[in-house]
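Feature annotations, courtesy of Swiss-Prot:
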BINDING   GLU212, ARG219, ARG234, GLU264, PHE310, ARG387, LYS393  ATP binding site
ACT_SITE  LYS214  active site, N6-AMP-lysine intermediate
Amino acid sequence: MERKEIKDSAYLFLGSIGPAFENITLGIGDKLALKAIAGAYRVSEEEVKKRYSRTGDLGDVAFELNQGEEKSLAIDEVFGSLKEIKEASGKGSQEEKTGLLSSILQRASPKEGKYIVRIVLGKLRLGFGDQFLLEAFSIAFTGDKKYVVKIKESYSVCTDIGELAESLAEQGPKALGHFSIKLGRPVRSMLAQRVKTFEELEERIPGKKAAEEKYDGERVQIHKNGEEIKAFSRRLEDITAQYPDVIEAVRKGILAKKIVLDGEIIAYVEGGKANDSTGEFYSFQRLMKRRRKYEVQKYTEICPVAVFFFDILYLEGNSLLKKPYPERRAILEEHVKESEILHLARRIVTDNLEEIEDFFNEALEKRLEGIIIKSMGRNSAYEAGKRSWFWLKWKEEYASGMRETFDLAIIGKYYGRGKRKGSFGALLCAILNGEEQRFETFTKVGTGFTEADAKEIDSLLSEHIISEVPKNVLIKSRMLPDIFVEPSLVIEVLGSEITESPSHTAGQGEGDTGLALRFPRFLRIRHDKGPYDITTLTEVRNLKEGKSI
């Protein structure tokens with residue numbers, strides 16, 4: 001396989017033709033795909049619709065209808081055709097896209113056609129994500145699994161999986177450790193560990209430490225390269241267009257020519273001041289009004305935002321990832337000119353737990369999530385893509401006893417009754433078994449939803465309904481839902497206790513008993529997380545054993 005084919009293949013394995021941060025869409029929905037399939041295999045659209053109603057998958061329909069001889073398309077041929085589909089625009093573009101898709105389906109084998117249709121629709125369903133692919137890279141390009149950790153570390157900085165695959169194919173293990181920050185290519189965010197008790201904050205980070213406010217907003221990474229400014233989400237999505245006010249504020253308030261900043265965008269109460277220590281902020285759900293393609297200016301006025309920067313990763317050609325936190329914070333303070341929109345995360349530096357507790361209570365009074373404790377040590381580097389012990393989070397739920405929060409993937413719906421008739425009555429949710437790259441059932445959530453929540457969840461799940469259990473999901477027969485859903489939507493759930501259960505498959509051992517969450521309650525949709533960003537089996541086991549996760 002040639003170098004370019006390796007790069008293109010890496011993208012195609014994840015159902016795209018480019019890195020995640022390019023927000024690539026091919027502009028073909030079910031309706032156009034249905035027409036293209038009908039044209040390619042010379043059947044009526046009604047016939048395609050009938051088969052689609054039965055299978056629930058247009059890729060499977062293409063496979064069924066392709067009765068031609070076995071052929072084999074070259075990777076560059078597939079990739080080139082998909083790029084043509086993406087680039088078709090303007091008047092007559094829908095017909096052009098349909099024709100291009102029909103053409104490549106006619107040249108494809110049944111299996112190739114099945115996956116081409118799924119890629120075009122953004123529903124590849126191979127049952128694995130980028131982390132699984134990185135493990136495959138280790139074996140394919142180095143001949144040894146021992147490089148997996150280093151490959152994942154490199155991917156946290158070089159988030160272009162095609163570029164990473166190409167470099168590994170060319171240089172093998174020598175490519176590792178040489179990736180650096182590149183403007184316009186987001187770095188994976190460093191995340192905070194959770195502790196079980198307030199006293200553990202001192203055990204984990206003894207002596208002097210920083211306590212920062214933890215904001216209930218959207219994590220944002222700002223890249224400024226001269227006049228070009230981009231904003232990226234925690235999921236590496238380009239969200240520049242949703243926040244024109246933030247981009248303009250950065251243009252005016254950040255004087256450095258080349259800089260990468262890490263922070264949180266939050267919505268604040270109209271009439272208040274975001275930088276006022278007594279000011280109040282709206283929840284993350286309010287902020288989601290800004291995540292829209294249309295009427296951006298209208299919602300800029302309806303939902304004003306502020307950005308609180310807490311780290312700096314790059315400055316004028318130099319990566320700052322390996323510098324200790326105190327140095328990075330000092331550099332950050334030098335380069336952020338505060339304004340109505342731009343702010344530095346409020347913090348204190350102390351070795352006194354009572355002062356930290358007071359600071360935590362102040363944060364709760366402002367409707368903030370809690371606080372982040374940060375190490376002031378010499379080795380407190382920015383660990384991209386890691387949940388690091390250099391940062392610890394302490395939230396209201398942790399302070400209230402046994403209650404814990406979990407980010408879970410929805411994998412099924414049960415029909416609702418009474419007031420919930422026409423919607424779901426409960427959701428079957430799963431954690432991620434990282435070792436097996438499999439979703440395992442953990443709880444059934446039926447409380448905490450408002451009517452608006454239920455309506456939004458139904459809408460978001462409508463495109464992900466499937467006819468059978470996904471290959472990467474493990475469910476016991478007694479828990480089979482009325483409707484199967486491919487893992488796509490993540491919700492945050494509050495629970496009180498982790499118990500052993502014969503009904504669930506999370507961590508299921510030889511005794512056929514898994515782990516389950518008792519008294520679950522829905523808190524919110526996590527638009528900022530994907531199915532492979534959820535709570536893991538390792539984290540659940542640690543909590544069950546009384547350890548921190």
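Just so it is clear, glycine is given a Cβ too, placed from its N, Cα and C backbone atoms.
The Cβ neighbour count for GLU212 (ATP binding site), using a 10 Å radius over every protein chain in view, is 23.
Within the same chain, the residues at least 6 positions away from LYS214 (active site, N6-AMP-lysine intermediate) whose Cβ sits under 8 Å from its Cβ are ALA363, LEU368, GLU369, GLY370, ILE371, ILE372, LYS393, LYS395, listed in sequence order. With a cut-off of 8 Å between CB atoms and residues at least 6 apart in sequence, the same chain places GLU212, ASP262, GLY263, GLU264, ARG329, LEU332, LEU344, ALA345, ARG347, ILE372 near PHE310 (ATP binding site), listed in sequence order.
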